[in-house]
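Visitor: Sharing a structure with you now.
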Amino acid sequence: MASHFRSYIWDPVLIVSQIVLMQCIYYSFLGLWLAGVDSLVQSSRSLDQIFSYEVLGFATMQGRLIMMAFILNSLTCALGLWLFIRRGKQCLDFTVTVHFFHMIGCWIYNAHLPAALSWWLVNIACMALMAVIGEYLCMRTELRAIPVNSGPKSNL
């Protein structure tokens with residue numbers, strides 16, 4: 001009998017559904033973090049906070065708080081990788097995919113590629129955080145000891 005431990009089967013439906021799930025996690029938790037930040041400073045909520053590259057900046061307090069929301073969102077998305085992807089090898093792939101689709105969304109929203117250095121720095125830092133923490137959590141789960149003994153112990 002062949003062992004099926006960690007067998008890999010190409011399942012495009014699973015991969016696409018995981019991509020959609022991670023995008024939903026990314027935008028829903030980013031919205032929650034931004035709502036929390038907006039409630040602290042009593043600012044108005046808008047899609048500009050998610051998609052406009054001009055609001056991310058070091059110069060204003062609101063820009064720094066939005067950057068903080070993006071960084072906190074990368075931590076919650078790393079938990080999403082751990083809970084739903086569960087493979088350390090795939091964490092970087094899903095992280096890059098989520099941020100690539102976010103860049104496409106920003107490109108469509110602004111009608112051109114983001115040009116601000118702060119947008120690129122924040123997204124690269126968030127990508128690194130999400131991938132490293134997600135991979136760390138998945139690898140801890142994958143490297144747990146596998147119980148080998150299945151029968152009762154006998155005293156000899």
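Along the chain as shown, residues are numbered 1 onward.
Every residue, even glycine, has its Cβ placed from backbone N, Cα and C.
The transmembrane segment annotation in TrEMBL covers 12-35, 65-85, 92-111, 117-138.
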Visitor: Counting only CB pairs under 8 A, let me know which of 12-35, 92-111, 117-138 has the most with the transmembrane segment (65-85).
Guide: 117-138
Visitor: Residues of the same chain, at least six outside the transmembrane segment (117-138), with any C-beta under 8 angstroms of its C-beta?
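Guide: Contacts with the transmembrane segment (117-138): 53, 56-58, 63, 67, 70-71, 73-75, 77-82, 85-88, 91-92, 94-96, 98-99, 102-103, 106.
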